[in-house]
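Asks: Pulled these from TrEMBL:
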- A:ARG47, A:LYS53: NADP(+) binding site (BINDING)
- A:ARG124, A:SER125, A:SER126, A:ASN240, A:ALA241, A:GLY285, A:LYS300, A:PRO301, A:VAL302, A:ALA303, A:THR304, A:ARG326: FMN binding site (BINDING)
Number of protein chains: 4
Amino acid sequence: MGNSFGRKFRITTFGESHGRGLGVTIDGCPAGVPVDEEYIQAELDRRRPGQSKITTQRKEGDKVEILSGVFEGVSTGTPIGMIIMNQDQKSKDYSHIAKSFRPSHADYTYHEKYGQRDYRGGGRSSARETAARVAAGAIAKRMLAHFDIKVQAYVSQVGPLKLEKSYQELDLSQIESNIVRCPDQQVAEQMIALIDDTRLKRDTIGGVVSAVVSGAPVGLGEPVFDRLHAELGKAMLSINAAKGFEYGSGFDGVALYGSQHNDAFVTDKDGGIHTKTNRSGGIQGGISNGEDIYFRVAFKPVATIMMDQESIDVDGNAVTVSGKGRHDPCVVSRAVPIVESMAALVIADHLLLQQSTRLDQITL
Amino acid sequence: MGNSFGRKFRITTFGESHGRGLGVTIDGCPAGVPVDEEYIQAELDRRRPGQSKITTQRKEGDKVEILSGVFEGVSTGTPIGMIIMNQDQKSKDYSHIAKSFRPSHADYTYHEKYGQRDYRGGGRSSARETAARVAAGAIAKRMLAHFDIKVQAYVSQVGPLKLEKSYQELDLSQIESNIVRCPDQQVAEQMIALIDDTRLKRDTIGGVVSAVVSGAPVGLGEPVFDRLHAELGKAMLSINAAKGFEYGSGFDGVALYGSQHNDAFVTDKDGGIHTKTNRSGGIQGGISNGEDIYFRVAFKPVATIMMDQESIDVDGNAVTVSGKGRHDPCVVSRAVPIVESMAALVIADHLLLQQSTRLDQITL
Amino acid sequence: MGNSFGRKFRITTFGESHGRGLGVTIDGCPAGVPVDEEYIQAELDRRRPGQSKITTQRKEGDKVEILSGVFEGVSTGTPIGMIIMNQDQKSKDYSHIAKSFRPSHADYTYHEKYGQRDYRGGGRSSARETAARVAAGAIAKRMLAHFDIKVQAYVSQVGPLKLEKSYQELDLSQIESNIVRCPDQQVAEQMIALIDDTRLKRDTIGGVVSAVVSGAPVGLGEPVFDRLHAELGKAMLSINAAKGFEYGSGFDGVALYGSQHNDAFVTDKDGGIHTKTNRSGGIQGGISNGEDIYFRVAFKPVATIMMDQESIDVDGNAVTVSGKGRHDPCVVSRAVPIVESMAALVIADHLLLQQSTRLDQITL
Amino acid sequence: MGNSFGRKFRITTFGESHGRGLGVTIDGCPAGVPVDEEYIQAELDRRRPGQSKITTQRKEGDKVEILSGVFEGVSTGTPIGMIIMNQDQKSKDYSHIAKSFRPSHADYTYHEKYGQRDYRGGGRSSARETAARVAAGAIAKRMLAHFDIKVQAYVSQVGPLKLEKSYQELDLSQIESNIVRCPDQQVAEQMIALIDDTRLKRDTIGGVVSAVVSGAPVGLGEPVFDRLHAELGKAMLSINAAKGFEYGSGFDGVALYGSQHNDAFVTDKDGGIHTKTNRSGGIQGGISNGEDIYFRVAFKPVATIMMDQESIDVDGNAVTVSGKGRHDPCVVSRAVPIVESMAALVIADHLLLQQSTRLDQITL
C-alpha cells in the first residue's frame, strides 16, 4: 500500500530501480490540459542522473512514453498512463548487497517488512521512483500554468553553507543558471565547491531545498486534517532522504511573540486583501490566503558513501559494505524538480477538491 | 472534506467551538480493545482548558460520552461514536469578530473558502476540535499498550528557551510533574516563568513539542508516499498552530557528512538487530526499524493576543480588533496530549495496515 | 471498516440498535445548503417504526439532533454531525439470543468475524442503523432540490404481487397516499392485505422497491469502476435485506436483441438531445445521459419470524429460537425512504465529483 | 476519477481501445504470491478477441508484460505494474463515428462529460479496458489459490435460453469444454447456435453469467456499507454492458415467506457450522458465512449491431450509423473471465481487510 498520492488529481507510481521499468498513472486530471512528451521530458531531464559533475554519473535516459489519457495533444479526462523503461536493468553484480544491510539504507526495513526484497540498486526504495513523480508533476504544472500558478524550488543550503537571503530577495529566474540550482551565484559556487570536495572525499552531505508557490488562489486546503501545509508536508517528507519540513516562519517563528509574529491584513488600492508580512507562509488555518506559499525541506546526506562501513548481513553476521558504482554526493540539486513536482501535485489536487465547496459555485 | 484521518484505524471528527457539541467516530478499531470513559476522560483532562495558571482560564468540562462500538467494556469492531457536548455555547457577544478578520487567524480564509462562517470562537478552526482527537487517541493508546508500544511527548522549547538534552538524557516519567510538561524541572520553571510573563504582557509565545514512540515493531510505514515519518509529519502539521516537523537528525542533520550521519547496524547478544546511533529517528526508507521513533513539532505563538491590532473587516474597511476573554499565552503544554494522540493514531493505523503485507502471515 | 459511503459527499455512520445512540457525520456537504431539523425529522418519520399497522409496533421517536456544521439555518461547509439517541436501550431480556444464532441473521457471522458481538436487538447489524442514513439523505435531497433533481421510490412488489405498470404509467404523487407506499391504489390494497395476512401467520415476506431519479444532468458517473449504476448498485445492496439490483432494462433486457434494445437518439425542438426509449435507464457507459434514472431493488423476507425455528448456539448445540417482540412482516414500505436516501447520497456525491472534470469549467 | 478498485488489494487501470497501450497497477498485493506471466497470459487468452467463432474476429495478441513488483518469481509487496501494448492502434478510418453518437453507446455521455473524447474504437469506454482487470485478477486468483479459495463463472443464459440447473447440479469442470462456457453441453450447443444465428442476422443478444466462490472463510465483508455482496455487486456492475446483479435467492427470493427462505444452521459431525440450505448465497449481514458464495450478472445485448441505425451527430443533426468491423454478437463467453477476475479481486481485498479486525489476531 501507500503508492498513491492525492484525492482528485491522484497519482499511483510503480517500478523498481533495476526492474523492467517505472510508471505512473494519473487519475483525475481534468480534460483539456495540454500534454506533450517534450515538456515532460524536459522536466525529467532536470532530475536525470549524469546531468552535471556534482550528480551521479550513472546513465539513464529516462525516456517517458505516454500510453493513454491524451488525445490530439490534450488530456481527455481518462487516466494518463506513463512509463519509463529502465535501459540498463541487466544484473550487474549485486552480491555485495544482496544479503547485507547497508547503514541508514532501507535494506533492513524492507527485508523485515516484506520478508524479502529486490536488492538490485535498492529496488523500490531507490530514489529512481521519483522519476515517475516528476513525469506526473509536469502535467500538474501544466494544469497550474493555465491558472498562472507557478511552483519554483531552489537549493538554499548545502551542508553548513546557508543562503541567508529570503526568496523575496532572490532572483528566482537564476535557479537554472548553475548546476546546484541556487539562485545566488556566489553561494552557488561555494556549494558546488563543497559538493565537489565531498565527492572527492568519497563522502556525501545534506542540504535544504526551499520552494515558493505563487499565484495560488485563496481557499485551498481542507481542514481539519488535510490542511494545505499538512499535505505539503506529507508530500515533501515522502521524498527520499527528507528529514524535515517547515513553512512560513517555521521553527524560527517559535521564538517570537504573537505581537511580532502576526501578519496584519491590509486592503490594497484595487480592494484586494493582503497581509503586510507573510510569516503565515501563505496559509492560515490550513487554507491558502492568496499570498506566496513558501516552505523548506531538509535532506540528509545520502547514505551511500564510497568508504568501507561495518555492518551486518541478513544472518546477523558482521560484514563490511562499501559503496560501489556512481552515486550522488549531495541530492539537493536533483531534488529541486522533485520538490516542485510534489508541490504542484498538492496544489493541483486541492484546486480540484475546492471546486465543490460552495453550493453557489456548483454547476450542472 | 478533510475531516477524516487514517486508513484502517480511521477517525472522523466534527464540531465547532461554540456549536452544540463535538464528536469523533473511529471506524476500524479492532474488536477486543478495553475501552472505558474514565481513561479517555483522564486524557481529555490533560488537554482541558483551565488546568493550570499558564493555560486559558476558560471553563469547559469536556465530558466525553461513548455512544456506540463498545459493549461490556471492550470494543466490538463496529464504529465507536463519541460526543463531547459544549456546555457553554450560549452566544456571548461575538459582534467584535463577526465581521472582522483577526490577524493570523483563519477568519479570512474560512470566509473566502466557504462564503460564510460560524464566527463564534473561531468555529471549526478553533483548537477545541482537538478534544475529539484526544478522545480517539486515548483508544489508540489503549490498543498500543496491548503491544507495549508507548507514546510520550513533552515540551522542549518555549520561545527562545530550549531544552538542550536529548530524550535519552531526560527522565520522561517527570513530564507530568510540572504544569508546562517539560521533564527537566529547572528548564520547566524557566519556561513557566516566561509564559507567565508573556501572559502578563497580554502577548503569546511559540514553542516546540518533542515526542518519542518506544516499542514499535520493525515494519511500520507504507512507502513510497505513506512513509511512516510522512504520515507522522502530516498528523503533526494538522494540529492547530503547527509550523514545522522534523524527525531523527532533522534540519540539523543537513550539515553532517554521510560518514558522520549513518547509523551502523549491530547485533546484540540476543541476536537482535539494532543501530549504534539513531540519527534515522527509528525510521529508514519510511519504515520503522525497531529503534525509538522521535520527532519535534514547532508551534507558532497563538494569534489571539490581548492587545489592539489593526485589521480589516469583510468589506475591506480598516478596523481595530482586540483579544477578549481567556486565551492561552502558549499552547505547548496543552499540545502535548494532542501530539501524543496524533502519534498514537498514526502508529495504530500502520500497525493495522501492516497486517496484510506478507502472504505467509495472513490467516483465514 | 466499511462505515463510510461517498467520496465528496461522504457520510460515516455509527450506532447499534440498543446502544446509547446512533449518528452520522457528513463530510463534504457544500456550504450554503438550507438545513433544518424539521425536514430531516419528517424524512425520519417515513422510516420510523410504528408508523402504520403493517410495520413493527416498536416505539422509537427517532429524534434527530444536529450538533455541528450548520449555522443560521445553512450548512457551513464543515462536517455536519447528527445524533439520534436511543430512547429505550434498557436491557430487556436478550438471553434468548445472546448465545444463539438466529437463522439467516448476522448473529453467526458477526460472532465469528469479531469474536464477540453486541447481541441486543441485532446490534450493529440491525436496520436501525439506516435511520442515520435517512438523516444524511435528507440533507442530500435538500442539496439536490436546489438543482431540481428529485429522487422518488415506491413499492413495486410484495411477495408475488407485482405492479406491472412502468414508472411512467404511474402517478408518483400518490406514493405517500397509502401505508405500503405503492402509487397504484388497487395494487396497494392487495399488498397491504398480503402483508397483514403474513403478519397474522407470524411470518414475513419479501418485496421490491423501484426508484426514479429525475432531473439529473448529463455527466454523472466516474468510469471505469465508479460507473453511476455501479455506485447505485452498491448503495442499494448495502441496505439490510437487499438481494438484488437492476437498472433500466435489467435482467429482462437480456432476452432482447440489440436491435430491439438500443435507445435511439433524437433532437427535440429546443435542440435538446434525448433518447426515444430509455432501456439504458438514464445511464450509458456508466454516465448519466439526462434521461430519468430508474432501478429496482429486491428485498428478501425479514429473517425474524414469530415461529419456533431450530438452530444452534455459540457452542454448536441445538437450540430453538423464536421471534419475540415487535418486528416488520415486510420491510419494503419502510425501505422506500432508505432507498431514496441512498440514491440521493450517490447523486449528490457524483454531482460534486463531476465539478472538477473539465479544465474549462474549473474556477479559482 | 473512478479508475481504482479495492482498498487493500487495490488496482488502478489505464488505457484506451486504440491508444498505445493498456495497463494496471496493483498496490497492496502481499509479498510472496507466485506470479508468472504465463499464468496471467492464459487468463488473458480466455478473454481475448478472436478465440472462437462466436466472438469478435478482431486480432489482439494481448501480450502482458510485468514491469515491477515481482522478483525471482514472487511478488515483493511493492506495486505490480503490468502493461499490454496495443498492437494495432493505427488509425483506421473512424470518421463514421468521430462526430456521431452511436445508439446505447457511451459516445454521447463521454462527449458531454469531458467536452471531447478519443472516439477511436470507443476509447476508454471500450471493453478492451477489461484486459487490464483480467491481468490483475489472475494475480488475485493466485493469491486465493494459496488459501484454496476458488472462483468459477459460467454462462447461464443467452437471450431467452436459460440454464435451469443450479450450480450444485452442474459439473463446473466442464465450463471450458465449449466455446460459450456453459457447463451443460446440451444447453451450450443451443446457446452457440443462437449466438451464431444472431451474428448472421448482424444483430446482438444479451445473457447472464453466474459465478460461485468456494472455500471462502467466514468473516469477509465490512458492514455497513462495504457488505461483501455490495462490493461484489459494484464490481460486477462496473463491467461493460452489465445491467443487474443478484446473489443467493436474488429477485426470485422476494416471493417467498421468511419461513421458507431462512437457512437453518446445523453442526456437522466435525463440529463445523453450516446452513442446510443456502438462500443467503453464502453471505449473512454482509459477511461471508463459510458457504459457497454465488451470484448472477445480467449483460445487455451489445450496442454495436451490423445494421443501419438512425442517430444524431455532435451538432444535433440526424445521421445514419452502421456497425463496421468485427464485433461480438454476445459478450457473455468473454465476460466469464472478467466476472471471475472482479470476484477474485473483491475476495482478495476483503481477505486482506479482514486481517486487522480482532486484537487477538494482530501480530507485531
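Yeah, the Cβs are placed from backbone N, Cα and C, and that goes for glycine too.
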Asks: Under 8 Å Cβ-Cβ from A:VAL302 (FMN binding site), six or more apart in the same chain: what's there?
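Replies: Long-range Cβ contacts: A:THR204, A:ALA241, A:HIS327, A:ASP328, A:PRO329, A:CYS330, A:VAL331.
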Asks: Tell me which residues of the chain lie with their Cβ under 8 angstroms from that of A:LYS300 (FMN binding site), as long as they are six or more apart in sequence?
Replies: A:SER104, A:GLY206, A:ALA241, A:ALA242, A:LYS243
Asks: Please give the maximum pairwise Cα distance, in Å and rounded to a whole number, for the FMN-binding set A:ARG124, A:SER125, A:SER126, A:ASN240, A:ALA241, A:GLY285, A:LYS300, A:PRO301, A:VAL302, A:ALA303, A:THR304, A:ARG326.
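Replies: Taking every pair of listed residues, the largest Cα separation comes to 45 Å.
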Asks: Fewest neighbouring Cβ atoms within 10 Å: which of the binding-site residues A:LYS53, A:ARG124?
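Replies: Fewest other Cβ atoms within 10 Å, among the binding-site residues A:LYS53, A:ARG124, is found for A:LYS53.
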Asks: Return the count of C-beta atoms lying within 10 angstroms of the C-beta of A:ARG47 (NADP(+) binding site), excluding that atom itself.
Replies: 25
Asks: Which one is it: of the binding-site residues A:SER126, A:THR304, which Cβ has the fewest other Cβ atoms within 10 Å in this structure?
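Replies: Ranked by other Cβ atoms within 10 Å, the binding-site residues A:SER126, A:THR304 bottom out at A:SER126.
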Asks: Reported as an integer number of Å, what is the Cα distance between A:ARG124 (FMN binding site) and A:LYS53 (NADP(+) binding site)?
Replies: 26
Asks: Select from A:ARG47, A:LYS53, A:ARG124, A:LYS300, A:VAL302, A:THR304 the binding-site residues whose C-beta atom falls under 8 Å of at least one C-beta in chain D, and return them in sequence order or as 'none'.
Replies: A:ARG124
Asks: Rounded to the nearest Å, what's the C-alpha distance separating A:SER126 (FMN binding site) and A:ARG47 (NADP(+) binding site)? Just drop the number here, would you?
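Replies: Checking the Cα atoms of A:SER126 (FMN binding site) and A:ARG47 (NADP(+) binding site) gives a distance of 14 Å.
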Asks: Within 10 angstroms of the C-beta of A:ALA241 (FMN binding site), what count of other C-beta atoms is obtained when all protein chains are considered?
Replies: 21
Asks: Are any of the binding-site residues A:ARG47, A:ALA241, A:LYS300 near chain B, where near means a Cβ under 8 Å from a Cβ there, and if so which?
Replies: A:LYS300
Asks: Please report how many Å separate the Cα atom of A:LYS53 (NADP(+) binding site) from that of A:THR304 (FMN binding site), as a whole number.
Replies: 17
Asks: Can you check what DSSP calls A:ARG47 (NADP(+) binding site), collapsed to helix, strand or coil?
Replies: helix
Asks: Taking just the CA atoms, what is the gap between A:THR304 (FMN binding site) and A:ARG47 (NADP(+) binding site) in Å?
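Replies: With the alpha carbons as reference points, the distance is 19 Å.
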